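Below is one structure, written out as structure tokens; the observations come after it.
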Amino acid sequence: MPTTDLNQTQKNEVWIVPFNNYDDILHSMMTFFEISTLEMWPGMMYAAIDGTGLDQAPKLNNSQFTSLVFIIFIFFTTFFIMNLFISVIVDKFNEEIKKRQGSDNFTDEQKEWVKIQRLLVHTNPKIIPVEPINCFRLQCFKIVQSQAFEYVVMSAIVINTFFLCIDYYGKSEELERVLNNSNFSFVVFFTLEMILKITAYGFEYYWYVNWNKFDFIIVIMSLVALDENLLEKLNFNPTALRIIRVSRLLRMVKTSEGLRTLLKTLFMSLSNIINTAALLTLILFTFGVAGMSLFGQIPQDDTEFLDHNVNFKSFYLSMMTLWRAATGESWNGIMHECFYSEGIIAVIFWLLFQLIAFFIFMNVFIAVIGESFNDNQATEDENDILALKKKDIKAFQ
């Protein structure tokens with residue numbers, strides 16, 4: 001369908017053909033490729049809807065049924081084919097992982113032996129708190145060991161976070177007084193919790209638990225923050241303290257098996273994520289230097305997407321522009337403006353970059369995290385059928 005005048009831009013009273021058109025197979029394929037990335041596709045659809053005929057001005061909502069072409073294309077391409085593309089990457093990634101581990105040729109008994117050894121390697125002895133002899137400390141011990149005490153502390157953390165959330169700029173004096181009183185109350189509560197645990201466990205065991213170290217630091221900093229004069233002397237930023245106080249929510253991880261699994265997955269993925277990020281940085285570096293050479297002299301006087309923040313005039317701005325484009329943000333708008341200055345080389349540059357950075361590397365991140373999650377979940381499930389079960393290891397600890 002000819003679209004010579006669709007969504008044309010008027011410059012010096014002359015109608016020009018936009019980059020996104022269907023006048024030939026190359027422009028048509030390029031337009032649909034941009035649509036498949038879901039960037040700025042509504043504008044292309046509305047331009048097609050307003051289209052009338054060859055060398056005729058567009059008319060608003062001239063052919064609304066044209067939108068069905070775009071809807072069907074996005075439905076099948078983005079929702080199905082792109083997901084198949086991701087599946088292929090994930091499958092190949094998993095295949096390479098198995099080859100590297102050399103577990104493809106193992107028998108079932110050998111695989112079970114490897115899993116048991118891995119389980120034993122990651123099992124460390126734990127120090128169990130001993131009930132104190134002193135009556136007062138024993139009562140404190142029973143309190144902090146109870147499930148009810150844990151629920152009370154978790155509830156206090158949630159309520160404290162709620163009070164932190166309702167703070168806003170320009171609040172009334174009454175609300176400020178309420179927030180100050182609540183802050184003081186929660187500082188007292190968490191201080192008493194810390195004292196209670198130290199009394200029950202003794203400082204040696206209290207400091208042995210990492211979560212207790214985390215609580216101890218927050219409580220001490222909260223106590224310091226109560227004295228504004230001391231805070232000024234230490235030149236401590238109150239905003240940083242607020243962030244630290246909100247981080248108490250991380251203690252919810254300790255009480256939730258699902259959250260612990262997700263956090264464990266994140267840590268398991270960390271090394272692979274760093275390796276993938278390093279390779280992505282190398283790709284960005286290569287394209288960044290190439291972008292400086294190709295598009296560093298493009299003027300920005302009459303451009304919509306290229307400006308003082310988005311350009312290739314320096315290495316830093318080039319890297320930032322490419323990182324933005326790697327997330328898909330207005331990458332095709334930047335490509336169009338590069339095309340008007342540098343021609344077809346800009347299209348080749350941006351097509352290669354999108355295929356490598358957006359379609360491959362961004363999906364490799366998904367593959368890395370997905371593989372770690374599957375391994376973690378499979379390990380949990382397989383522990384139930386191993387000859388030496390995980391619960392036996394815990395009992396030994």
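We count from 1, first residue shown onward.
Every residue gets a Cβ built from N, Cα and C, even glycine.
Features of the protein shown, as given by TrEMBL:
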DOMAIN    15-100  domain 'Ion transport'
TRANSMEM  68-90  transmembrane segment
DOMAIN    147-379  domain 'Ion transport'
TRANSMEM  151-170  transmembrane segment
TRANSMEM  182-203  transmembrane segment
TRANSMEM  273-295  transmembrane segment
TRANSMEM  344-369  transmembrane segment
Checked against DSSP, the composition of the domain 'Ion transport' (15-100) is 59 helix, 1 strand, 26 coil
For the domain 'Ion transport' (147-379), the averaged pLDDT of the predicted model is 85
